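One structure is given here, and the rest of the page talks about it.
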Amino acid sequence: MAGSGGLGGGAGGGQGAGAGQGAALRASRAPMLLVALVLGAYCLCALPGRCPPAARAPAPAPAPSEPSSSVHRPGAPGLPLASGPGRRRFPQALIVGVKKGGTRALLEFLRLHPDVRALGSEPHFFDRCYERGLAWYRSLMPRTLDGQITMEKTPSYFVTREAPRRIHAMSPDTKLIVVVRNPVTRAISDYAQTLSKTPGLPSFRALAFRHGLGPVDTAWSAVRIGLYAQHLDHWLRYFPLSHFLFVSGERLVSDPAGEVGRVQDFLGLKRVVTDKHFYFNATKGFPCLKKAQGGSRPRCLGKSKGRPHPRVPQALVRRLQEFYRPFNRRFYQMTGQDFGWG
């Protein structure tokens, strides 16, 4: 029995010693396992093609004072005042057309007025950049004080199908200015501008008339823009005629103070920009500013303004005049203005 007890005691002692050695062994292996796991994770991340994909570039942040929520109306809740003098507002007035009608000249003339703050470049928000959102659009605008008017001009709006609906969604009270010009001379001026950038352009005849000999090709944008009545018809589905002012591109050259005076009246502004601000540059055939905004010297518009037009045979000019005549007459009826284009 004693032997059995001894044997039992020896076995128990051996098991206790073995358990102690196993625990010690496991304890000694733990740091090694931890090191192996860390090294394994590092190797996985360091192997080519195994790193996490690079984070996408963040979307352009809005201007510091802009809210992150979407905006649907000027002055809507959640649009805090911008820091600094004044605040950025949605435009109360837009020069929406037309290309090569005199929009740049009108904008520069209006910028002489102390109560007009205008964006210098064309933002193309309502035709090309609408997906960026109204908060982004407002962040582009200059700061204005109470009583000042924010403006921008993008002449392609007038011929953009979606523009009237989008502008109405921003504000149904927006005032719309359209500078129009004889559609024949406008088309030739449009062609001259394109030709200056694309020397290998086909002839005016080849573009304006199908196969150079057939009927007028309204698929060519230079021709299609001049169908003012058709474009206006679409705009009138969203805005009443009282929201429009139609400025004569021809009178903007011959009597800039008179046309700018009409615009100031339309915007509810005092007539500050007058004859004293203009002089006629015989070389360019254009009115120039005696004192440009922010300057003390006279200034004419850019070199591209008043560029010579290519010679177009009179027979082609007459065909275009005949083509546009019914559209012009309808435009006169719609606007209540006779622009004298025939």
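Glycine too: its Cβ is placed from the backbone N, Cα and C atoms.
For 1-21 (among others), the entry in Swiss-Prot reads region 'Disordered'.
Mean predicted confidence for the topological domain 'Cytoplasmic' (1-31): the pLDDT average there is 41. What Swiss-Prot records for 1-31 is topological domain 'Cytoplasmic', and it gives sequence analysis as the kind of evidence.
The transmembrane segment annotation in Swiss-Prot covers 32-49 and rests on sequence analysis.
For 50-342, the entry in Swiss-Prot reads topological domain 'Lumenal'.
Look at Swiss-Prot and you will find 55-85 (among others) tagged as region 'Disordered'.
Residues annotated as compositional bias 'Low complexity' in Swiss-Prot: 66-85.
Taking Cβ-Cβ distances under 8 Å and a sequence gap of 6 or more within the same chain, the neighbours of K100 (3'-phosphoadenylyl sulfate binding site) are P155, R181, R186, S189, D190, Q193. Feature annotation from Swiss-Prot assigns 3'-phosphoadenylyl sulfate binding site to K100, G101, G102, T103, R104, R181, S189, K305, G306, R307, P308, H309; the stated evidence is similarity to another entry.
Within the same chain, residues at least six positions away from N281 (N-linked glycosylation site) with a Cβ under 8 Å of its Cβ are P287, C288, C300. Taken residue by residue with DSSP, N281 (N-linked glycosylation site) is part of a strand. If you look up Swiss-Prot, you'll see N281 marked as N-linked glycosylation site.
According to Swiss-Prot, the feature disulfide bond maps to C288-C300, an assignment based on similarity to another entry.
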Tell me the coarse DSSP state (helix, strand, coil) of K100 (3'-phosphoadenylyl sulfate binding site).
coil
Within 10 Å of the Cβ of S189 (3'-phosphoadenylyl sulfate binding site), how many other Cβ atoms are there?
21
Check each residue in the chain of P308 (3'-phosphoadenylyl sulfate binding site) that is at least six apart in sequence and keep those whose C-beta is under 8 Å from its C-beta; list them in sequence order.
A192
